[in-house]
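Enquirer: Provided herewith is a single structure, encoded as structure tokens, for subsequent inquiry.
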């Protein structure tokens, strides 16, 4: 509990009543312990609501604030789960995965002989070995007792890894006589955010770096020390699996193929999906293709929830954030571009390419020079108000208004032009991207708060618009990094993240997002860099509280080269609970009751 803060909590096996559990909650710098009864039929707090699983009990009291109180009526809040460290760094360990989800994954994507290990939901503290055999999935309970692991008989092992290695060499036999072969691991991409360093090292090791690794952003490759190899595993395996998954889900792109729209596409084969494309409104219906632009909405939909746009939470942070991913403008699409910006009430544009790279035009200039006014297509006027530069990007401020009824009110648009992305590969330091995204989000949230309190007709801000040249590679990389960081900010360092799954969801909204293995690795490294920085900041803050000193902000590594960077917000947490044995603190209070 030392690494937590008020309302942090964990569940652990009871030391006094085997089979029961204890819920430990940090409150006002001390720890309160609450007994959880396991009757064999249900879980409860010795009275009150009853639940089928420990996770459901905890989730209920997290989501229903005020239901858990002391006898004196004081509310006990459960906000920030402190997940235990995973028992292994092996990628076949999937953590808090249900039996149903394990079966779905392995039947869809596994082979006979594929296996994984997950936490037991019916018996917290134990584990389950799930194996695909003869096109069905067998589940074998792994008991964890006295720091040893076994499958209910036979040998006991010091670690899950030792157990798995043994049964890979010595297959188990079911009571039906079927042999259970552990042939190939079904590797997880979902991880606890705070454990990302171990996962990155494991992926680099599997890529062929056995004795440490370095990252070469210019080439987007690993530079290994001794033991350098060309292993096609690790990052390559995850990215290749992503490529294969995309082939199974082909969405229609008919609008971009229409003859009247072909000239509006920068690359003839990079087209928007029809089901998520941005449709231009208030256009002439008699002109074929007048509603077409090569752009898609990208919504951050965690789990199976549906997002309908952008919302702003009470603390100024966003959830279900929406983006628009689009290509770099062509001379004949600039008018449509500004139409889209105005229509969608976009106030922040992120440009991640230079106008020219390697002698090729990547994006037509769609803005005027500072102090000038340019009219586009007789419909849109853009006035350039200011221009400021940092080491990594240029910020331009525009005033946009239309020349026809319904489009006349002026809007300030902020254009963040990131110029530190090299022509080849990816940036050598993720910190420059993190600084940039911090400033972009600070601007978006500031405008959102201002609009919400303004009393204007339009009171909600539109999506952040992101583009590179094709609108898929760098664009996808920036969006996915921002999505993952957003998740960590909302749910905390102990939340579960899945970079591959996030990219898969984004690719279902615009094809090809995050184009290369180098970009895929860069997402991991950017998230790692962010978590390391936030962890350092939290440690320094805790230390400053003990010393009574005012806190001094910790910066991203690259910030020594840039002038913009504010505070990193301390994350909060609403993620799924994991259970394991933890050391307990004193001041146990058991005279607690649900409301």
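Heads up, the Cβ atoms here are built off N, Cα and C, so glycines get one too.
Please treat TrEMBL annotations as automatic predictions, because they have not gone through curation.
Feature list, courtesy of TrEMBL:
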- 468: active site, phosphocysteine intermediate (ACT_SITE)
- 423, 515: substrate binding site (BINDING)
- 1-82: domain 'SH2' (DOMAIN)
- 92-186: domain 'SH2' (DOMAIN)
- 235-530: domain 'Tyrosine-protein phosphatase' (DOMAIN)
- 434-521: domain 'Tyrosine specific protein phosphatases' (DOMAIN)
Enquirer: In whole Å, how far is the residue listed as 'active site, phosphocysteine intermediate' from residue 515 (substrate binding site) when you measure between their Cα atoms?
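Expert: That comes out at 12 Å between the alpha carbons.
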Enquirer: How many other Cβ atoms are found within 10 Å of the Cβ atom of the residue listed as 'active site, phosphocysteine intermediate', counting all protein chains shown?
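Expert: Its Cβ has 27 other Cβ atoms within 10 Å.
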Enquirer: Residue 468 (active site, phosphocysteine intermediate) to residue 423 (substrate binding site): how many Å between their Cα atoms?
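Expert: Residue 423 (substrate binding site) has its Cα 12 Å from the Cα of residue 468 (active site, phosphocysteine intermediate).
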Enquirer: By DSSP assignment, list the helix, strand and coil residue numbers for the domain 'Tyrosine specific protein phosphatases' (434-521), in that order.
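Expert: Counts, helix then strand then coil: 52 helix, 7 strand, 29 coil.
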Enquirer: With DSSP assignments reduced to helix, strand and coil, which class does residue 423 (substrate binding site) get?
Expert: coil
Enquirer: Note the mean pLDDT of the domain 'SH2' (92-186), expressed as a whole number.
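Expert: When the pLDDT values over the domain 'SH2' (92-186) are averaged, the result is 89.
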Enquirer: Of 423, 515, the binding-site residues given in the record, which has the fewest other CB atoms within 10 A of its CB?
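Expert: Relative to the other binding-site residues in 423, 515, 423 has the fewest Cβ atoms within 10 Å.
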Enquirer: Provide the three-state DSSP residue tally for the domain 'SH2' (92-186): helix first, then strand, then coil.
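Expert: Output for the domain 'SH2' (92-186) reads 21 helix, 36 strand, 38 coil.
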